[in-house]
Each structure stands twice: as structure tokens, then as C-alpha cells.
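Down below is the structure, laid out as C-alpha cells.
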């Protein structure tokens, strides 16, 4: 039976969302674990997706200048291309810029998760939110972080990003559809395997997440009020939760970019592995229900 979400749940889960959305620890996994551990039931994928809009807004504000430059160059570059089609050949200044190429790289990198997320929506909500899967991925994907840090040469700069990188990191972003993997964990690990500098991979990971998370949150907004979408949250709770996630998420972005400049992503395994093992133990002894 569906229950109404309390304000305590709203605040705590929104804090968790803001803290974990950008860290490679899986925000969806943490929300699934702690909502079940503290209140005995899943808050629901739709509530999670909607409050993600708060953390998404944090990315938009934090990277506003980058986003404006990319969007502006892309629009002007497309206009130059359309002008060429009419036979009025003009300058190609914007189509030769890095920001124009970055616009296409974000679009192309978003396509895999957009297609899989849309086609696999029911599978994700009905089957992949199992706590055994979440706990297992928390542990297993930690070793991917460690391997990526050891194998990656971290020598390529932001200007050296290519369309091939965007495609590979775009498919890696699809792994975030599985709770316990982490969106940033999947894309940054792929970037490290591609020998990108850690900070470069992290910044591109943020830019790549913008279309996917924004679309996911908006697409799930009507479902958040459905009795079949997990706990029922009111409009006021969704608004407050989104605001909390925004404030905490903004601080998390600033902290993470400073952290990755001098620290390995493998450090996050020290939290992921014990948490995953602890959840497995609680499941095995019947304290938690999958």
C-alpha cells in the first residue's frame, strides 16, 4: 500500500541526493538503501528523478558560462551550416571552434542513455531497483575505479576531447541506469581509460549529464504524484526537496572539482565497498528486504 511521504523523509532524502548525485557513489543507490533502511520502503524512482532537477539546476548555475559558450557557438555554427546549404557561403568561424564541437559531443554522448532510458523505463523501475543489485554494483564498480586510475595516463586536456570520447563516455553513462554504479563514476572511469586528465573527465561528465538528468526529471514529474510511483510526495515536498538538493549539490560540485585535482577516484571505494558489503549482510540476515 502506498504511503504519504513525511517532511523528515523529504529533507533527509534530498540531503542525500545533493550530497551523492555528483560523487561517484551512486545517488540512486543511496536513496534506495537509506529510504528502505530508515523507513522500510523505497521512496520511488519518480521522486528520485524529480529532486534530481535540483542538482541539475546546480550544474546549470555552476557551469553557466561554459553552457552559454557551448550553446551559443553551436547555434551560430548550425546557422552557418544552414546558410551554406542555401548557397550563401560565409565565414565558418563558429564551426571551427571547440565550443561548437563540444555542443555536438554532448548531443551525441547523450543519445545512448536517452534511448536506453526511454526503452528500459519499466525494467529499471520494476527490476533494477533491487537492493541486491545495488549492493553488488557498489562493490564491483569500485574496482573499476581502481583499475581506471591505475591504467589511465591522465595526460589529455579538455581541448583534446574527440567525438570518439563522447560516444564511449555516452555509453558508459548508460551504466548509471543501474542503481549502485553512479553516473559520474561510469563516465569518469571511461574518461580515465581514455587517458583523459581526471579533472577534464569530471567536467565533461557534468556537461554530459545535463540533458539526460533534465529530461529524466521532467519526464518523471507527472508520475511523482501517481500512487504507483513509490511514496506519494506533495507538490510542496517536491519543491522543498528540489531546493535542498540544489543547494547541497552546488557545494558538492565545487568540492569534487577541487578534490579530483589532486586525489584519486579510488578513494571513494573506501565508502562504496563497506556500504555494499553492509547492505548485503543486512539483506542476508533479513534486516532489509530487497
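Glycine too: its Cβ is placed from the backbone N, Cα and C atoms.
The stretch that Swiss-Prot tags with transmembrane segment, taken from the ranges 128-148, 149-169, is 128-148. Tertiary neighbourhood of the transmembrane segment (237-257): same-chain residues 5, 7, 10-11, 13-15, 17-19, 21-23, 47, 50-55, 57-59, 61-62, 199, 202-203, 206, 224, selected by CB-CB distance under 8 Å and a gap of 6+ residues from either end.
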